[in-house]
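Below: one structure, written as structure tokens.
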Amino acid sequence: MAYPLQLGFQDATSPVMEELLHFHDHTLMIIFLISSLVLYIIMLMLTSKLVHTNMMNVQEMEMIWTILPAIILILIALPSLHTLYMMDEINNPLLTIKTMGHQWFWSYEYTDYEDLAFDSYMITTDSLKFGELRLLEVDNRMVLPTDLPVRVLVSSEDVLHSWAVPSLGLKTDAIPGRLNQVTLTSMRPGLFYGQCSEICGANHSFMPIVLELVPLKYFENWSASLAQ
């Protein structure tokens, strides 16, 4: 989860988020090199007294500033396409959950189980227990097993919402009349927080998302207890 004064990303919990972090570092390094080169050229021009007023056409320079940006764009595009295809790929999910956005709460339905569905509301500040996080805790968490592919179907009952969990690299729009899907696989257990990431009305900031990722054995016990 995020911490006060944090400048970087949250710790990656899924393979997708790890790829996104690698791509971010890769792109940031390219931007740093380009910025350093441009700054060096600017400083060179400001400090040099040499002026070339008779140079109307330099074929070599034109080739360099045409070919070099093309190579840079290819170096950015290839890992970007790899990550995009990885995010869109769905390989035999073992569990499917339907997530519906409402003003202003989430509802979850485990479609592989009978009558396993619930609403998830934010816990108000005066109802928080010691150690719980303001504006991020909910009364019913989405519980999922770790190390297994899970498909999440996302839609909305009223207006536009967005179901987002940063540490898993997830952000999917919830659009009325449209069913979007995303796959997640967690590499470790824990509590992971997210929020609605689309302005959806007066209480937009009061739509937290809490994923509780547990080993498969505990998930089976939890689902069996709710089914009873």
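Just so it is clear, glycine is given a Cβ too, placed from its N, Cα and C backbone atoms.
Taking Cβ-Cβ distances under 8 Å and a sequence separation of 6 or more, the neighbours of His161 (Cu cation A1 binding site) in its chain are Gly101, Asp173, Ala174, Cys196, Glu198, Cys200, Met207. Annotation source Swiss-Prot lists Cu cation A1 binding site at His161, Cys196, Cys200, Met207.
Among the features that Swiss-Prot reports, Cu cation A2 binding site is placed at Cys196, Glu198, Cys200, His204, with the record citing similarity to another entry. In this view, Cys200 (Cu cation A1 binding site) is surrounded by 21 other Cβ atoms within 10 Å of its Cβ, with every protein chain counted.
The topological domain 'Mitochondrial intermembrane' annotation in Swiss-Prot covers 1-14 (among others).
Annotation comment: Swiss-Prot describes 46-59 as topological domain 'Mitochondrial matrix', evidence class similarity to another entry.
The annotation topological domain 'Mitochondrial intermembrane' is assigned in Swiss-Prot to 88-228 (among others) on the grounds of similarity to another entry.
The transmembrane segment annotation in Swiss-Prot covers 15-45 (among others).
Under the heading transmembrane segment, Swiss-Prot lists 60-87 (among others), citing similarity to another entry as support.
Look at the topological domain 'Mitochondrial intermembrane' (88-228): DSSP puts its residues at 22 helix, 61 strand, 58 coil.
Nonlocal intrachain contacts for the transmembrane segment (60-87), taken as residues 6+ away from its ends with a CB within less than 8 angstroms of a stretch CB, comprise 15-16, 19-20, 22-23, 26-27, 30, 34, 169, 182. Listed in sequence order, the residues of the same chain lying 6 or more apart from His204 (Cu cation A2 binding site) and placing their CB within less than 8 Å of its CB are Trp104, Cys196, Glu198.
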